[in-house]
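**Student:** So TrEMBL says this about it:
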- 34: active site, proton acceptor (ACT_SITE)
- 177: active site, proton donor (ACT_SITE)
- 9, 65, 144, 145, 146, 147, 177, 178, 179, 199, 200: substrate binding site (BINDING)
- 32, 34, 65, 177: divalent metal cation binding site (BINDING)
Ligand code: DX5
Ligand code: ZN
């Protein structure tokens, strides 16, 4: 089993102190950046300028989660802002063909391509398309807000992804997002997740390095 990838989500950080907040999670592997447009989800977060600022504050890879409509209009901007992986929602694109074209566009920008599914979106139609993606982000809460309760039934999607990826010898990374904490991360790892987004579970703790270390230990099988 490979090392778990811990991705603190800066959505839960204190934006008034972005520099120290980002530095406080330097022991995380990736930094997860949640982009919300107030349309695809009923909340707004930040955009390319803050993403670029964050990129300048850390050497960590930026895992950019686009919770926006018309993601195809924005991928170039986020690639320039420093994204190392760009994840779009399949619910935000017209059809499968558009999703595959967008993945190609992201890879052509030299960035890893990922897709995400909301809790109500089945994973089955995408299982034989995984070679087009570097990452799959399974939402274990309704996207839009941090601090929500983990939905354990989403681990069925993770198990389906894990067996397909293993059977076909792919290296697509399975990431889980929403309500991941010391209580829930072990079950995520056992279901087959490689990468774990954690917002409140890290930023609500005084000692962020200890929180990251605890999550890492619990996710190591
Ligand atoms: C929710 C975001 C998450 C959020 C997770 O829409 O996609 O990345 O930051 O926050 P927690 O870990 O607090 O559930
Ligand atoms: Zn996210």
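Just so you know, glycine gets a Cβ as well, placed from its N, Cα and C.
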**Student:** Within the set 34, 65, 144, 146, 177, which recorded positions show a CB-to-ligand 2 distance under 6 A?
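**Tutor:** From 34, 65, 144, 146, 177, counting a Cβ under 6 Å from ligand 2 as near, the near ones are 34, 65, 177.
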**Student:** Would you mind pulling the DSSP three-state label for residue 65 (divalent metal cation binding site)?
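**Tutor:** It is in a strand.
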**Student:** Just how many other Cβ atoms lie inside 10 Å of the Cβ on residue 200 (substrate binding site)?
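**Tutor:** Excluding its own Cβ, the number within 10 Å is 17.
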**Student:** Using C-alpha atoms, which one of the recorded positions 32, 34, 65 comes nearest to residue 146 (substrate binding site)?
**Tutor:** 34
**Student:** Hey, how far is the residue listed as 'active site, proton acceptor' from residue 9 (substrate binding site), Cα to Cα, in Å?
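**Tutor:** About 7 Å separates the two Cα atoms.
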**Student:** Please report how many Å separate the Cα atom of residue 9 (substrate binding site) from that of residue 32 (divalent metal cation binding site), as a whole number.
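**Tutor:** It is 4 Å, counting Cα to Cα.
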**Student:** Of 144, 179, the binding-site residues given in the record, which has the fewest other CB atoms within 10 A of its CB?
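**Tutor:** Minimum Cβ neighbour count within 10 Å, taken over the binding-site residues 144, 179, occurs at 144.
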**Student:** Taking the Cα atoms as reference points, how far is residue 32 (divalent metal cation binding site) from the residue listed as 'active site, proton donor' in Å?
**Tutor:** 10
**Student:** Determine, for the divalent metal cation site, the additional residues of the same chain whose CB lies within 8 Å of the mean position of the CB atoms of 32, 34, 65, 177; present them in sequence order.
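**Tutor:** These residues sit around the divalent metal cation site: 7, 9, 11, 33, 63, 64, 87, 137, 197, 199.
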**Student:** Which residues, in sequence order, are found in the same chain with Cβ within 8 Å of the centroid defined by the Cβ atoms of 9, 65, 144, 145, 146, 147, 177, 178, 179, 199, 200 at the substrate site, excluding those residues themselves?
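**Tutor:** Everything else in range on the chain: 11, 12, 34, 141, 143, 148, 197.
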**Student:** Name, in the order they occur in the sequence, the residues of the same chain whose CB lies under 8 A from the CB of the residue listed as 'active site, proton donor' and which sit 6 or more residues away.
**Tutor:** 9, 32, 65, 116, 137, 138, 139, 140, 141, 143, 197
**Student:** Look up the residue listed as 'active site, proton donor' in the DSSP assignment and report helix, strand or coil.
**Tutor:** strand
